[in-house]
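Just below is one structure, and these are the notes that go with it.
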Amino acid sequence: MVDQRPRAGSRSFTAPSLIGTNGHFASVGDAAHDPKAYEHGVQVIDEEKEFNPNLSKYLSLEDVTNAGFNYHLISVFGSQSTGKSTLLNHLFGTQFSVMSDKERRQTTKGIWMSKNKTKHEDPNARMADNILVMDVEGTDGRERGEDQDFERKSALFALATSEVLIVNIWEHQVGLYQGANMGLLKTVFEVNLQLFLKDKNTTHRSLLFFVIRDFMGNTPLKNLETTLLEDLSRIWASLSKPQGLERSTIHDYFDFAFYGLPHKGYKPDEFAAEAKKLGSRFREGRRDRKEQLMGASIENGVFLPEYHRRIPADGFAHYANGIWDQIVNNKDLDLPTQQELLAQFRCDEISREVIAAFDEAIAPFEEKQAAGVRAGELVILGGLGAAMRGARVKAVKNFETEASRYHKGVYQRKRAELEGKIDTRLKALFQGQLNAAHKSGVKDFSDAVSNAVKAGQKKGASYDFAEIVKQETKAALERYEKEARASLVEGTSWSNYKQELKLYQKDLAEVSGQLRRDEMRRLATRVERWVRSRLSDSVSLEFNSLGSGRGGSGAPETGEKPSESKIWDRIWNLFVETVLDAERRFTDRATSFDASVDEVDVGLWRLRRKSWGVLRLKVEEEMMEGNLLLKLRENFEDKFRYDEAGVPRIWRPTDDIEGIYTRARESTLTLIPLLSKFHLAENNAPPPLDRWVGHTPSSATAADEEDLTPIGGVDEEDGKSLEEEVTILNDAKRQDLTVRFKKAADGVYVEAKRSAIGGITQVPLYFYGLLLALGWNEIWAVLRNPAYFFLLFVCAIGAYVTYQLNLWGPILKMADAASRQALEELKKKLREFLEASDTGRQAMAMSSGEEYEMSSLNRGGKRVEDEDENDDI
């Protein structure tokens, strides 16, 4: 399309009036949320100096956000209404609004941005990717008048953000001060020095690209270039420079490029061709150090690496906002600080995004582990290691990809913080996993050993406990290491389980030691049961054969009958032999448990003490009052009722019953002091119990001693002597036992006397006939009544059994003794009653001092004692 040069004062808007400010571009407001509002660009800063918060939205829609450093920023300067927007539209295919031919007034307000839209088919003429073009409000406009505040602020903003500053001037303005924008360029130089003062470590180079419009060619471009450079150098020399920069030149901070464009209205075709040629220069370029030192102008690609501000595209909007905030508030612009602030902002933002993705992968594992802890369950998380490794690598890689383009110091610090946060959570999961594997492994190990032992016991075969422990320990360690290796996260200092493995091995050793001790306790219990069974039979036989005076029951079938005086010797020898056999069994079995010498010593020491306790209890059981009295009576009856050949005696009145009774009774009475103390006959002293038990092993613990019964003469702290330990019956019990035995012996004696007398007297025969005649009705009633008959039958059976056991005498004797005891108690209660009442006390006071004992009389009025004496006779 061919345009004629518009006449002065006749330009106006060419865009539709319905599209907001400047005709085409989205400004701040609700329309910014509509993607179609960004089709032609975005107003970065409006005429009221407000920054557009939707700049990042525009960059995202233009696919610039993910470009990293692969983008370029160009700003255009120039006087108002000099065709800056028209130039940009032809160079980059943008649609900045331009003035119409009908009126002349300000069109660009504030600062606008648009992405390059030009497409070149020729690869050699192809522009760089992602070129962002900023159209800056023109200077020297009548709308702002003498207010140059925005002019200075916009220049500072453009210089802080742009790589290339296009200065749009007309050829006839070269050599002028205001017309050639020298005032604006002086502002640019001043703000550049201001930036340098804040960052002396970095030289912010920029390219000033002078596009000379309406270039006729009469004056060579080289001459125009020389004129402009002289004017610029003079302006630079006039600036007040900071200390140390007095001799600096303009070429230390700026590069220059020049290009002339024909008149757009008079030579439209040439203008279009030259504009296309000029556009091809906006690509990446290179130049050597020599050209830079010579200050040669840029002839080829204008985007040199040193021009780039090194702000990643995804952080540019925030960076630009921070820059403008500093500028608009008249604060000293500190680009390094702004870059660091941007880096902190973007790194924090990227870190949050990365952590959010990290949470999706790790949070479910954390919740499962926490739920297991709350429930008290051991939860081993499957696939945890792979999830942790993948989540960490992905998080760090994503952060590195997005954040490494920013300030290195901030990036490295934020990366360390991110890794610290991630590693803190992963370490907690890792430790929790190892802890669960630890506890679960110990429990499984204990259960496996116990089950293997039980299986061996059920089979009844001998099992090797040490081999079981060895195999299960190996399996437990393999399971733990497998789980630990699967949970490792490479590249982290905390991902190491050597210390945890040592603790696990230590706990397995402790558990195996406890299991071995428990097994040895069970072994000791089994051996103790065996000892108890053997001693129970052996000791019972000794006491059953105690003092047998006949060759029948109670006497050995072969050999000589045992001596009563050596009963304790025989019991001690049996006890020592039994325990010695038990010790051999215990030692052999404990060796298969891989028990240490100390553990075996403690086990044998406990076995001896426990065995003595078993013997002591068995002896006390046999020596219980009822059992001992019965054994003494049997001993007495064996000697009294049977002769030396073991033949039962048939008592006759002519037999020396009194002599036999006295000898048998005295012989039996000698057993009471013999049985009262566990003394050996050879030295009439207690057995060497203290020497036999031995001293307490040094390796014995309090737990080994807590269930042991103190032994007198062995345990000094018990305060009990060996003599007291072997005393079975004290003096009181001996006396009581003697009295009771004599009464029992007397009953046997009386029965024998009655038996001798009863053998002579006979019941008359007529008595049986009389009994039958008088009791016929009663006999018939009993026979006809089943209840009476059954009762009679039971009584007959009971009487027969009593007769066969020869218990009628003892029963009658016990009944007589019980009746006498009851009578004595009745007298005692009656006396207490009388003493308690007033009448009784008076009666007792009136009675004489003499007392008379009440005697038992028979039906004939004779005393019972007299009748007994007559019977003896």
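Quick reminder: no glycine exception, Cβ is built from N, Cα and C everywhere.
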Swiss-Prot annotation of region 'Disordered' - which of the ranges 119-144, 509-534, 691-716, 717-742 it falls on: 691-716
Per Swiss-Prot, the range holding coiled coil, considering 56-113, 230-287, 462-519: 462-519
For the compositional bias 'Acidic residues' (703-716), distant same-chain residues with Cβ under 8 A (at least six beyond the ends): 602, 606, 609-610, 612-613, 686, 689-690, 693, 696, 722-725
Stretch-averaged pLDDT - the domain 'GB1/RHD3-type G' (68-320): 81
Helix, strand and coil residues within the compositional bias 'Acidic residues' (703-716) as assigned by DSSP: 4 helix, 0 strand, 10 coil
Additional residues surrounding GTP, by Cβ distance to the G78, S79, Q80, S81, T82, G83, K84, S85 centre under 8 Å: G138, N168
Cβ neighbour count within 10 Å of G78 (GTP binding site): 25
